[in-house]
Amino acid sequence: MNIIKRALKVGAAVLIAAFAATSLAGCARESTATGEQTITIYSGRSEDLIAELLEQFTAETGIGVEVRYSDSASLAAQILEEGSNVQADVFFSQDAGALGAISEAGAFKKLDDDTTGLVYSKFRAVDGTWIGVSGRSRVLSYNPDLVAAADLPKSIFDLADPKFKGKVGIAPTNASFQSSVTAMRVLAGEAVTVKWLNAMKTNAVLFEKNSQILEAVESGQVSAGLINHYYWYERAAEVGEDKMISKMAWFEAGDVGNLINVAGVGVLSDKPEAKTFAKWLLGSTAQNFFVNKTAEYSLTGLAAREGLPALDQIAAPNIDLSALSTLAQTLELIRNARLTD
Amino acid sequence: MRQRPPILLLGLAILAVLVSLAPLSYLVIRLGEFGIDKVIANVVRERSLELLGNSVLLALAVAASAVVVGGFQAWLTTRSSLRGRALFAVLAALPLAMPSYVTAYAFTALFTGFRGFAAAWLVLTIGTAPYVYLAVSAALMRADSATEEVARSLGAGRWRVFKEVTWPSVRPAAVSGAMLSALYTLSDFGAVSILSFDTFTRAIYSAYRSSFDRSGAASLAAILVVLTIALLLIEPALRGKSVVTDSHTRKYSEIQLGWYAPVAVMLASAWVIVSLVLPAYSLVRWNQTGLSQVDLGEVSRALINSVGYAAGGGFIAVVFGLAVSVLAIRYRSTFTSALERSIWITHAVPGIVVALSLVFLSNRVLPEIYQTSTLVLIAYLILFLPNAIAAMQTPISQTPRELDEIAASLGSSRLQTLRRVIIPIAGPGILAGGALVSLAVLKELPATLLLRETGIETLATRLWSETSVSAYAAAAPYALLLVVVAGIPAWLLNRQVQAGSRAQSGIEQRIERE
């Protein structure tokens, strides 16, 4: 036993020396404009989309930011596993579901009323633990060479028709798709949703990501696909708007296929700067940024980007976004329909 | 002669095992919270079993095809009279430089409808055949071709010589290469998700992604651990008896391919086209489409961090891998063998589970190291130590034991013997182990993404963030750079494996003269 003890001591010494040596190597980071205070943000929104916005935040407020980019769900899992040692001051999530999960675990601090009051009430948590800061609409992207605008389905439920067999792309493991199915379950009921999902098992071509669906619509692999509206603009920025083949369509008024989901934030620490950041995201700089740069909807009342229907014209289904955190039941349905693992 | 192992080695090896098994404690804690009945309900579902079947089937298929492809390449480049075999040798190791998610993406960009089982099988075979190739060609170079010639002269046909002489001498190497390939396949997420083939690991990821269901994911990961243990248990039987081929004459007679030469060239070239040319073409084409601008400062920062992590990961893998291998080979006992085997147990656990387990454990035990490169390196050690050990074992075991005894008789301590005899002779093989780990680190994504210091980006994390929005053109430089950077250790690896046998034969000749 003595040998093992000594062995462990020697081993630990070498381990520490090795790590000390290697930890010094390779830490090139982008120097952030640090003010007096700095907050750490866990961001499920990608750097490409919001790095510029965060720079503007630092410029306007003098508060520095450290950002950790990853996908919203991994970050949510990470926050939950960090337990009482949470490193983030703010969680900036790509969708309401991840915010709901953290809120449910009781990790968010309540936001001030003068912050939450700025957001349309349907786009924030009822208990004031998180707010939506920008909105995205579910749309049907379609390839006009393969399906005429007049032949497009009136409702998301019409996609169950056998005539769409093999022609429509969905991403069953994608959080946006799952949120829209949750909305369907809450509004139309479980039986209807199960029926639709089973039909989609037959009709749909499955993808991992919205961007892959859009690519497949562009290339003609599928005629249409369910995505978020801003993916179209992202791709347009990439290849040039004139080279885009696909177009976007909305279902008829109130259809659950027109769900509007949000990206939003919750505050995890007691730092006052964290709350400052949450409120700043609802100010004119940030809201203009969402409209013009990321082609999302403002949630404080700014006009939508040219070419997009206005937020209140989309005739989105009427749903409490907090209900989107009831994802577990939805997943069970999606799983039972054998659309996911 | 049984010797007590040096304290230093024992200490390093025990530490390596404790670190490697750390994720298990996390799994146990999560499963404990979940309750055993829910675990069973979650696992024994028709769907879970079907996915498990898919995973096992894919892992076996990939392992088998990796052995066929890698073994053929090894034989062709070390034993045959093929012209240009030196070139084929370099090209055989090179696919290691390409992350399987990049290969998968490259193929889907070229061929619409490239998806499903066959697609995943091909992409993962491309990624893992080099493991078998490297191991088997090292073994072939060290094996005694004189035995083959004797067998030939006694009238045995080519097939019989292969079956009864060549195969037994490379079998352990081939099996350990196959094992690496199978475990790699079990834990892969990137390729199977891009190629839409449903496996167990994909289910684990979607449990996290879609339901924040940490316990459900843990119960699935536990199944992979059980599966790995089962594979570890049958591995010794597959390896067969190790054949001692300590030849002191090292003259190869090349096998004349004769009429088969064109066929061999065609097969080898076809594989080069599929495994290298097509993906590379797709990458370059990808680089040219699109309008996104690339930020050079960003690229160079990512490059520096990638190289730093790769060097650090390779270094600690060499230190700990050497300790574990030398113990298991030179100080063989039930205890040291058990240490070596335990390193493998968590090898099929997907990166995200390993990473989350380290988030959980470090925040509760050692919060100081959370989100520092120390924890990142620990994750790499857990994920890739088996790769280093698999590469080191053959060269270390083939270092002549007599030299140890001579050194000891001349008054060397056991550590001095290690430093002055084993490390110099097996040096290239040991470095090859380090290079393999550096390569794996360069390509690693999920653990790096979760554990890196806030604000640190690597080539792989950049590639991920650029493709997760649809900025394909911005992603291409990272993919290309990653492949080019990873090409360096891949190329070195090949040289070292070949240099290894030369160094060894040189030493043996010297011994003979003295």
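Positions of Cβ are set from backbone N, Cα and C atoms, glycine also.
TrEMBL does not curate its annotations; it predicts them automatically.
Taken verbatim from TrEMBL:
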type	residues	note
DOMAIN	B:52-233	domain 'ABC transmembrane type-1'
DOMAIN	B:303-493	domain 'ABC transmembrane type-1'
TRANSMEM	B:7-29	transmembrane segment
TRANSMEM	B:56-76	transmembrane segment
TRANSMEM	B:88-111	transmembrane segment
TRANSMEM	B:117-136	transmembrane segment
TRANSMEM	B:173-197	transmembrane segment
TRANSMEM	B:217-238	transmembrane segment
TRANSMEM	B:259-282	transmembrane segment
TRANSMEM	B:302-331	transmembrane segment
TRANSMEM	B:343-363	transmembrane segment
TRANSMEM	B:369-391	transmembrane segment
TRANSMEM	B:421-442	transmembrane segment
TRANSMEM	B:471-493	transmembrane segment
Quick check for me: are there 3+ Cβ pairs below 8 Å between the transmembrane segment (B:88-111) and the transmembrane segment (B:259-282), leaving out pairs under 6 residues apart?
yes
Ranking B:56-76, B:117-136, B:173-197, B:217-238, B:259-282 by the number of C-beta pairs under 8 Å to the transmembrane segment (B:7-29), which range is first?
B:217-238
With the cut-off at Cβ under 8 Å and a gap of six or more residues from its ends, the chain residues touching the transmembrane segment (B:217-238) are 24, 26-27, 30-31, 34, 38-39, 42-43, 48, 52, 56, 171, 175-176, 178-179, 182-183, 186-187, 200-201, 203-205, 207-208, 341, 344-350, 353
Non-local residues, at least 6 beyond the ends, that sit with Cβ under 8 Å of the transmembrane segment (B:259-282):
69, 72-73, 76, 80-84, 88, 91, 94-95, 98, 102-103, 106-107, 109-110, 122, 126, 129, 483
